[in-house]
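Before any comments, here is the structure.
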2 protein chains.
Amino acid sequence: MYPQLETDSEQDQRATKVRLLTSNSSGSNPKATSCDTAAKKAPPPSKWRRALLRHAPVFRWLPAYNMEWGIDDFISGITLGLTIIPESIACALLAGLPARYGLCSAFIGPLIYLIFGSIDKVIIGPTSLVALVSVQFTVGRPIEFAFLLTFLSGIVQIIMGALRMGFIFEFISMPVIKAFSSATAILVIESQLKVLLGIKYLVPGLVNSVRTLSSRIHEANIGDLVMGICAIVFLLLLEVSIRVDSTIGWLATSDFLQLLERVARNKKRGKALRIFCRYLSTSRNTLIVFIAAIVSYTWLGFTEHLPYALSSNALSSLPNFTVPSLTIETPERTYSFWQILNELNVGIIVIPIVGILTNISIGKLTPKGLVDTNHELLTVGLCNMFGSCVQAMPSSGAFTRYAISTACGLKTPMANLYLGVIVLLALGYLSPYFNYIPEATLAAILICSIFTLLDFKLPRRLWKESKRDFGIWLLCFCVCVLFGVEVGLFVSIIVTALHLLFLWARPEILVKIEELDEMQFISVVPGNGIYFPAINHLRGLVLKACTQAEFRITVVIDGHKISGLDYTAAQGISKLSSDLCRQSDASSSTLLILYRFPAHLQHLIDVTDNLVFCENETKVKEFLTQESLRNGYINLKEHIRASIDLGYKIDIE
Amino acid sequence: MYPQLETDSEQDQRATKVRLLTSNSSGSNPKATSCDTAAKKAPPPSKWRRALLRHAPVFRWLPAYNMEWGIDDFISGITLGLTIIPESIACALLAGLPARYGLCSAFIGPLIYLIFGSIDKVIIGPTSLVALVSVQFTVGRPIEFAFLLTFLSGIVQIIMGALRMGFIFEFISMPVIKAFSSATAILVIESQLKVLLGIKYLVPGLVNSVRTLSSRIHEANIGDLVMGICAIVFLLLLEVSIRVDSTIGWLATSDFLQLLERVARNKKRGKALRIFCRYLSTSRNTLIVFIAAIVSYTWLGFTEHLPYALSSNALSSLPNFTVPSLTIETPERTYSFWQILNELNVGIIVIPIVGILTNISIGKLTPKGLVDTNHELLTVGLCNMFGSCVQAMPSSGAFTRYAISTACGLKTPMANLYLGVIVLLALGYLSPYFNYIPEATLAAILICSIFTLLDFKLPRRLWKESKRDFGIWLLCFCVCVLFGVEVGLFVSIIVTALHLLFLWARPEILVKIEELDEMQFISVVPGNGIYFPAINHLRGLVLKACTQAEFRITVVIDGHKISGLDYTAAQGISKLSSDLCRQSDASSSTLLILYRFPAHLQHLIDVTDNLVFCENETKVKEFLTQESLRNGYINLKEHIRASIDLGYKIDIE
């Protein structure tokens, strides 16, 4: 890890006034875990320098950059470049765009992320997830819609970042993220099946798509299928080899790999071969594309028609840098900006959120652990905004690239530089040759790369350990698969939020009969803060217990777990005391003792005749003694005690 | 209080298996506070009888009905009947309907509520609040829209009740209800000002209305104004007298009342006069209408045109009982059911909610205290559904009628019977005479009755005691007044819900350096349950403290206040332990002790090398001793300790 200078927010706080830790600081200080040693030696940086360090993390690691990192980054960069090229083309096709627009998205993002990116192993570029979601908003519309969607996504991300709205991502729980990615994987695989089979159609929704596929299965082209399956087998073999390499002792499942392994373990030739092996594996996507393209090229020398489909590509030059126009003119009609917004609909909210989601998830996997979501929003927003100027599709980090950068031992975002250059070179010189890549090969690449997102171990674990989380997983997964990922994400966030709200409405409240010096009382222990949705529940429970005890013994509400109380709840407690007063005989009213209530909450509660505050047990004992002197010694019958302890009535007949 | 039989839910529970009190029983047992004495003597009722008792509360009190209650109820019923007649007419005019439709709403509701109603002092009928909201959805449309709105509101209420959705009303906090009713009062008063001034127009929104009023103020008619002001003065005088009567010792503000009081206190004639005084006051609405109508009638004997406007009324017969048609045909166009739904828009959700809101608020004021919202939804839903069959507008309970029924000493819902009969008689025989009631008198009645809802003491108290609640009050009040009550209600519910969600995202977490046998450790005490939105916050705080302590001392998370933990949070805690492992020197990893974590939550957390669970202090001490033996005795410098305790960094330079 490269050393990291002390972040700005800490420096700020040094100068500012005392702030209690309990105050809500809306998660603005995620880099507090960085190593402070460097900062202590350096003189305190100026205001401008601090801002620079905060907003452009490149200046944090660049001064300490060294040869060793350089080599690792160079190798990672080249490998990632070779990986991202076929992946981008495949994503472009998935998004319904010509191949080269994928590449256009794969060079500007990394170059911007190099400067502003805060998560090392995030490599910005097109992803199948974002492509899958964005195609729903651009399908059947002019191609400019895609670029404008990129632009608007960027703007929305920048606005969200500037407004520090990153905290909303904290309301997406892990089961939701996992179900969402598994569902995406399923949808992407399904969408690529038809490409593997050489069948061409475009229908929205998984159900429709499966129905269409099954009705047209007889149109399947054996050439595409063979090409696709060959590619998948090739990719799987090489992917397995990377796992062998990284975790020695893992049993190789193919003879080929065992052979490689055996060779690799030969001590003399071992190291070089193992490195070769690893890079063979990490560049497997490029390799298969390269092989397939050569096959197609050679084959076309002998015959005019290939038995499989090739990807088509419109232009072949470097993209122009042009700010996207906010109106779109086509021969058929002209779209005004408002019409475009209307057509893109919720896309301009969903795409930014989905894009950032991957980055955050990757950030959580990295050792540094804590992600500054707002900074990430700003950075990815910039990537998208500038990306749209070179006709890019919406971009974000991707798990596949994270896996490869980890395998290659990427050290700093410098790798982005090499990656960007490779992609630019490919765009400039290789564009014409993209036409020789078979579509089925690209489908194979997408299918194999998305497999990492399929995770069915989690739901099995959730089923065993937390049924509620499993329910959320299942809901999110089903809705994503059946009604689209954006609907699934939205529904799950709403459901988890409603559950959190419900927790405020029905907090854990323990009601029991307890004894202190043989004096009985009803002990009520609320588990959380008591806010307005819970107060009637609390009152109901207490009144029920009191009714069963015939309003004869004192009620003690133990507030030591209460962290908060609002006006409505405080009024409810006052009202509870008057309920107790009214319900009991005129002669004696039931006393309500509020025990260990935080002092700052006490003033909210109106004091009535039969309501007292106690700070310690001695005081409670005093009041209980007073009450028993006043009312005589009362001992509840066993069945009443049990009724109250169990929360329902036991009848003796 | 009439005796109440033991409710069904208790009986159910008697038979069913043991259920812990802590389980969430979604507030289904609000009658648990009823007196059990009656139930103990009676034989256990059959299943049918129990269902009957639960759904038709009339059978709970009818068997014990006696002469004394009968007299009180009769007097209350008559008084309420005389009150509800002018009030209904005024509300109908407010809702943009002819007068008699108000009366149509005032007899079927009470008769149904007599049987099914669970809150004694709720008298179902038109209210200015509901009228004010519903006019927004029906204005400018055929009159059938109003009846269909009533019908659909009833259906929605019944569906909500059947689905036990009553708990959503718990998410409306008291400041919101109070702000909402104060805003309604302001809007109703503003809407009646133009009637008082005799100016006729209909514009939506307070701002527009005030602007129109001020631009047309020169059209004001002195006749209407005089009539209105006389009525207001009359009503205020009599209203004040009821207060004098109910709270003796209260200083009378007018000479007239002091006179009445002096007479009333004369011991001989005292009692009769005081009763007379009270009924004079409670029937003040009828009285003023009666007087005004007589004045108009007499005046019309001398001249053809009155100097003030009279209310107009279309028909004069008892309403027909017809199920409302789901399509509306007018000479101009035919509305299909979907078109009607589209036109009524959110009205069919807002009206049911607003209607029930008043009933719940009244329920909370009554001694029994706890309202079964679901039962109330079903009952009011029935009232509205049947109401629409006799051309009623949407109905609910009203605070004004609650005040009168309290003043008259209403004992049981039997009063509804007398009230219903009076209204029917009025409809049958008096309808032609409604034409003699001046509009200004009705406006005066509305203004005086809505005054009770204006409450500006609460915001003053909130400002002093709870700024957050004051903020909610202010927001709700302003949005209600400026953008309509339904928008205000919606916005406030969303904002309070978001605040509750925010409390899960940023719970109170105390991080401090503590000592046990001179061994220091970082003590972390989360205040609430830790769910997924909070876990990154917790991790951030702990890692920040650890960084400041240079990862040298043990972290103890004290979970005694934690009531819940989900899978995401549990994973976050596991991850925190590996963060601590990774960040510290390779030689020694920081130990993470989870102290007093509820046993049922422990299995969710993956155990790592440096994570242990402790149940008691002795065990914690053991671990701390082990750690200090392993790492040597570590004592943090004072400035580091302070840094961690205060939550930000103190620098020594």
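For all residues, glycine too, the Cβ spot is worked out from N, Cα and C.
Because TrEMBL annotations are produced automatically, they should be read as predictions rather than curated entries.
Here TrEMBL flags B:21-36 as compositional bias 'Polar residues'.
As annotated by TrEMBL, domain 'SLC26A/SulP transporter' applies to B:72-474.
Feature annotation from TrEMBL assigns region 'Disordered' to B:1-44.
The annotation transmembrane segment is assigned in TrEMBL to B:74-94 (among others).
For B:139-160 (among others), the entry in TrEMBL reads transmembrane segment. Using a Cβ-Cβ cut-off under 8 Å and counting only residues 6 or more beyond its ends in the same chain, the transmembrane segment (B:139-160) has close neighbours at 95-97, 101, 105, 166, 202, 204, 324-326, 328, 330, 335, 340-341, 343-344, 347-349, 351-352, 355-356, 374, 377-378, 380-388, 391-395.
According to TrEMBL, the feature transmembrane segment maps to B:225-242 (among others).
Per TrEMBL, transmembrane segment is recorded for B:285-302 (among others).
Counting residues 6+ beyond its ends, the transmembrane segment (B:344-362) has Cβ neighbours under 8 Å at 119, 121-122, 127, 129-130, 133-134, 136-138, 145, 148-149, 152-154, 156-157, 160, 169, 172, 177, 180-181, 371, 373, 376-377, 380-381, 384, 394-399, 402, 485-486, 489 in the same chain. The transmembrane segment annotation in TrEMBL covers B:344-362 (among others).
Residues annotated as transmembrane segment in TrEMBL: B:415-434 (among others).
When Cβ-Cβ distances below 8 Å are used as the criterion, the transmembrane segment (B:440-458) is approached by residues 86-87, 89-91, 93-94, 128-129, 175, 178, 181-182, 184-186, 188-189, 192-193, 195-196, 198, 224-225, 227-229, 231-232, 235-236, 239, 285, 288-289, 292, 308-309, 311, 398-400, 403, 473 of the same chain, each at least six residues removed from its ends. Taken from TrEMBL, the feature transmembrane segment covers B:440-458 (among others).
Through the fold, the transmembrane segment (B:470-503) approaches residues 129, 132-133, 136, 171-173, 175-176, 178-180, 182-184, 186-187, 205-207, 346, 350, 353-354, 458-459, 462-463, 528, 533 of its own chain, all at least 6 residues removed from its boundaries and within a Cβ separation under 8 Å. Summarising the annotation, TrEMBL assigns transmembrane segment to B:470-503 (among others).
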With the cut-off at Cβ under 8 Å and a gap of six or more residues from its ends, the chain residues touching the transmembrane segment (B:225-242) are 195-198, 252-254, 256-257, 260, 277-278, 280-282, 284-285, 287-288, 291-292, 308, 407, 438, 440-441, 443-445, 447-448
Taking every residue in the domain 'SLC26A/SulP transporter' (B:72-474), the average pLDDT works out to 84
With the cut-off at Cβ under 8 Å and a gap of six or more residues from its ends, the chain residues touching the transmembrane segment (B:415-434) are 73-74, 76-78, 80-82, 84-85, 88-89, 99-100, 103-104, 106-108, 110-111, 113-114, 117, 123-124, 293, 297, 311, 313, 315-319, 405
